[in-house]
Amino acid sequence: KNQTAMNEFILLGFSYGLQVQNLLYLVFLVTYLVTITENAIIILVVKRSHHLQKPMYYFLGNLSFLEIWYVSVTLPRLLFGFWSQSMTISFSSCMTQLYFFISLMCTECVLLAVMAYDRYLAVCHPLRYPAIMTDKLCFQLSILSWAGGFSISLVKVSFISRLTFCGPQVINHFFCDISPVLNLSCTDMSLAETVDFVLALVILLIPLLVIVFSYSCILSTVLCMPSAQGRRKAFSTCTSHFTVVIIFFSATLFMYARPRRIHPFNLNKIVSVFYAVFTPALNPLIYCLRNKEVKEILRKIIS
C-alpha cells in the first residue's frame, strides 16, 4: 500500500560495453533486414507463381507474413534502444508489445499444426486430398489460426495488465515478455500465473498433439510404400516443416510451459533471442533450401 504503481519500465536488454553493443546493433539490424527480405520474397513468389497455388504454399505464405510481424514487434524497439541508449518503455507500450508478441507466437503454434494436418492429408489420403483441402477450408483454417492466437493472448494479457507493478522497474529482458514482467508485480499474481500456464499448455500441447498424430500417420504410410523413390518424395515434402516444428516448439516449451515464474537468468534471454530473432530468419532458408519447387521458381524470377 505504501508503494506507488509504475507507469514505465526499463528494459535491461544487453548490458555490455559500448563496442559489444555496437556489434549487437549491427547483428540485429542485419538479421531484421534479412528476415523481412526473405519472408517478403516468399510471399511474392507464392502469389506470382501459378505452380505454387497449392494449400501447402498458401499456409507457407501465411507463415512468412506472420514472421515479418513477429520480428517487427521486438527488434525495432531493441534497435532504437541501442541507437538512443534509452531503454525505457511505458506501461501501455509494454502491454501492447506483450500482447502482439504472444498473439503471433500462439498463431504460429496453431498454423504449424494446420500445416502438419495438410501434409497428413497429402501423404496419407492423396486421392481425396484435392476434395478435402479446398480453398474454402484453407481460408477457414488460416482464420482459425489467427483468431485463436489473438484471442488466447487477449485473455493472458488482460489478467497480467490488471496486476500492480511497483518496483524495481527494471525488466531483465530485451522486450516485454510474460515472466520478466510478472517478476515485477507486487500484488498476488497466482490467478494470472495459473491462467497463463493453463493457456500456454492449451496453445502449445494441442497443436503439438495434432503434429505428433499427423507425423505418426505420415511415417506409417511412408514406410509401407513399396517404392524407394516414392518414400523419398513423401519425406521431402515434410522435412522442411518438421525441422521448423522442432526448432520452434523446443524453444517455446522451454520458455512458457513451466508452472512457475521464470527467474530472470541470462539463459532465458539467450533462448528468447534464438526463437524471437534468429528462427524467423532461418525458417525461409529451411523451406527454400529443402524445396525444389520454390528453388526453381526463384531461379526463374532471378533469371
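Just so you know, glycine gets a Cβ as well, placed from its N, Cα and C.
Pulled from TrEMBL:
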TRANSMEM  23-45  transmembrane segment
DOMAIN    38-287  domain 'G-protein coupled receptors family 1 profile'
TRANSMEM  57-78  transmembrane segment
TRANSMEM  98-117  transmembrane segment
TRANSMEM  137-155  transmembrane segment
TRANSMEM  197-222  transmembrane segment
TRANSMEM  234-257  transmembrane segment
TRANSMEM  269-289  transmembrane segment
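As a quick check, the transmembrane segment (57-78) and the transmembrane segment (137-155) clear the bar of 3 or more Cβ pairs under 8 A, pairs 6 or more apart, so the two touch. Contacts between the transmembrane segment (137-155) and the transmembrane segment (23-45): absent, as fewer than 3 C-beta pairs lie under 8 angstroms at sequence separation of six or more.
Counting only same-chain residues 6+ beyond the ends of the transmembrane segment (197-222), those with a CB under 8 A from a CB of the stretch are 106, 109-110, 112-113, 116-117, 119-120, 123-124, 148-149, 152, 155-156, 231, 234-235, 238, 242, 245, 249, 252-253, 256-259. Confidence in the domain 'G-protein coupled receptors family 1 profile' (38-287), given as mean pLDDT, stands at 86.
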